[in-house]
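What follows is a short report on a single structure.
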Amino acid sequence: MRGPLGAVIGRYPSSDGVTQMGGIIRHNRKCRDIPVLVFFIAFWVAMIVNSSFGFNQGNPLRLTYGLDYKGNVCGDKHAHPGLSELGLRYWQNPNQVYQSGLKDSQFKLADARSICLSECPIPSEDSLSWVCDYPEGDIRLSMKDWINRNFDYFEFLTPEMRNSSLQLQGPCYPVIFPSVNVYWSCQFIARASNTSLKHWQQMGGVNINEDMVIDRSIHNSINSRSAVLKRYMADIGKAWPVLIVCGGILPLFLSVIWLMMIRHFVAAMPWITVVLFNVLTISVTMFYYLKAGWIGNDAISPIIGEHDPYISVYGRELTHIQAVTILMTFIMAVAILTSIAIVRRILMATSVLKVAAKVIGEVQALIIFPLIPYGILAVFYMFWISAALHLFSSGQVVQNNCNSNCCTYDLIAKRVNCDRCCGYSIHYTPHIGVAILFHLFGCYWATQFFIACSSTVIAGSVASYYWAHGETSPEISFISVFSSMKRLMRYSLGSVALGSLIVSFVESIRFPLEAIRRKLKSSSHEPDNWFGKAAYQSSQCFLRCIEWTIKSVNRNAYIMIAITGKSFFSASSIATELIMNNILKIGRLNVIGDVILFLGKLCVSLSCALFSFLMLDTHKYNSAHNKTSSPLFPVVVCWALGYIVATLFFAVVEMSIDTIVLSFCQDSEEHQGTAQYAPPLLMETLSNQNEMQRLTQGP
C-alpha cells in the first residue's frame, strides 16, 4: 500500500530550523531506474556514431542529381572535372535509351552514356546540333569554353572521331530528340526533329530508333519509388528556411500567444480554438486541392523552368498530393462534425481551463519554461535532419557489371573502348537501411524524452505550488521550476527515459505490422473472409488503444515521479490506483479538457502547415535549383514540428490540470473527503460541490 503523500510533500523544517515551502523533501529521494539511464546514454553514443557514418559516407547532392558516365554527381564542385554549374543529367546516346526501355532488355538505363549539362539540349531548326563528352585528351578546350560552345566541339574532331560519332560511339552525339528538364534529368520527348534527323541521315549516321519507348525509359527511371523518396528527402534540405520559420519560429510565437490568451481570456478560448481549428482545416484542405490541380491551374509539375506548354509530363508526386487531398477532405468533414458534437461541452472545458489559468497566473515562470526544452530540441533537430540527409544519401558509387554493348570513344586512349564502359550506380548495403531505421527511432525516442522531461518539471512545479497551499514567492516566482528541474536531473532521468522508451517502442511496432500487412496483400495472402478482415481491424484498434492507454498512464506516472520521486513503474502504479479510485470524479473532467487542448495543438500545427504552403508557393521554390518536387513532405514536417512545439508549451496547461486534479484527489483521500492543501484560488473551482457535479455530469 502506498503511504500518504502528506508525508513527503508540503512544509518541512530544514536542518537549521527554517521552514521550507512548496518543496518536496529531498532526503527521501534517490536515483531511480539507473540501468535504463545507462542504456539511454549508450543509445546516444550509438546515435553519434551512426550519424558520423552518415556524414562520412553521404552526399546530399545524390538525393537531387544523378551520376555521369565517370561516376561523378552532377552539380558537385569537387568532382573531376568540376560540375558546380552542371546539374542536369543528359543521356547522349538515344539508341541506348531506347534499348533500356524495351521489355526483357538486359541493357539498363544506368549503363547508358550520360553527362552533366547546365540545360537540356534542343534540336536545331536548320542544322544538326551535337553534344560532346567532357573535353580532354587532344581536345584542347576548357570546361568554360565547352559550356559556352553549347557542349559542341564536333568541328575539332579528327576523321576517326567523326566516324565514331556517326556510329553513335562518341565522343560527340547528335541531338535528335527535344528534351525537357524533369527533376534535373533531361526527359526525351518522343517526337524526333525532322530537320535534325534528315541531316543525320545525309551525313551517313546509323539508324536511330523512334518510338514512345525512348520517352518511357527515362520517365520510369525518374518516377521510381527510390527516386521519389530521394526527392522528398532533398526537399527537406532545400526548404530548410521554411522549416526554421514555419516549424520553429511560428509555432513558438503562436504557442506563447495561446498560453497568454488562456491566462487572460480563459472563457473565450475554447470557442476561439474550435472555430479557428475548423477554419484552418478547411484552408489547408483547399491548398491541397490547388496543388492537386482540382481547383485552378496551380497543380505541381515535374518540369523545371520554361517549357513548351503542350508538353505534359506526369510525376508520382502528383498522385501522392491527390491521395492526401482525399484524406484531408475526410478529416475536414470529421472535424466539422466533431466540433458540432462538442459544442454542448464547451462550458465544461471553460471550467477545466480555469484551473490551469489560475496556476499559470500564480507561477508565471511556467509560461517561459518550455523555451528551455524548445531550444534543446531545436539544436537536436538541426543536427538530426542534417545527419538524416547524409544517411539517406550514403552508399558507395561503384561501376555496374554489364554485358551489353556500350562501346565508346576514349579521348585519353584515342580509340573506341569496349572495356569497363558500363555506367555507375550507388550501392546500398543492408546496414545502411538498419542505420536509417535506428536514426528514425532515435529521433522519436529523443522527442518523447524531452517532452517527458518538460512535463515532469512542470508537474513538480505545480505540485509544489499545490502542496504549499498555493503560496509562492513573489520575489522569485521561478524558484519552484528550477527546484523541479534540479530534482529531475539528479534523481529521475532514468525513470523518464524508461517511460519515453515504452511509448516509442509501442509506436514503432505499428510500422513492421503495417509492412507485414502490405507484404501479405501484395502476395495475395490477405484474409478475404469477413472473420480475417475483422480480426485484422480489431488488432489495429487494439494496438491503438494500448498506445493511447500507455501515453495516458505515462503522463500520470510523470506527475507521480515529480511528486514522490518513485521509479517509473511504482509511480505508474500509484497514479493508476489513484485514478481508478476517483474515475467518476475526474474522468469526464480530463477528457473534455484534453479535447480542447488537442484542438489547440492542431490549430498551431495547421497554422504552420498553412504558412509553409504560402512560403513554398513563391518563385524561389518553384524554379531553378531550389525547386521542391512537391510541397507535401516539407508541409508535413512543418506540421509535425509545429505539433511538437505546441505540445511542449501546451504541456503547461495539460500537466497543470492533471497535477492539480491528482493532487486534489490524493488530498481528499488523506483527509476524509476534504482537501486540506488546496489553495483558496483552486478550492472555489475543485472543492465546490455544485461545480464538481456540473463538471462530471455535464450541463
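Note: Cβ is positioned from N, Cα and C throughout, glycine not excepted.
TrEMBL annotations:
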TRANSMEM  34-55  transmembrane segment
TRANSMEM  239-259  transmembrane segment
TRANSMEM  271-290  transmembrane segment
TRANSMEM  321-343  transmembrane segment
TRANSMEM  363-384  transmembrane segment
TRANSMEM  445-467  transmembrane segment
TRANSMEM  488-506  transmembrane segment
TRANSMEM  591-612  transmembrane segment
TRANSMEM  632-653  transmembrane segment
Closest-packing stretch to the transmembrane segment (591-612), where packing means Cβ pairs under 8 Å, from 239-259, 363-384, 488-506: 239-259
Sequence-remote partners of the transmembrane segment (488-506) [C-beta within less than 8 Å, at least six residues beyond its ends]: 29-37, 39-40, 441, 444-445, 448-449, 451-453, 456-457, 460, 543, 546-547, 550-551, 554, 557-558, 561-562, 565-568, 571
Recorded stretches the transmembrane segment (632-653) and the transmembrane segment (34-55) touching, at least 3 CB pairs under 8 Å: no
Contact call for the transmembrane segment (239-259) against the transmembrane segment (363-384), three or more Cβ pairs under 8 Å: yes
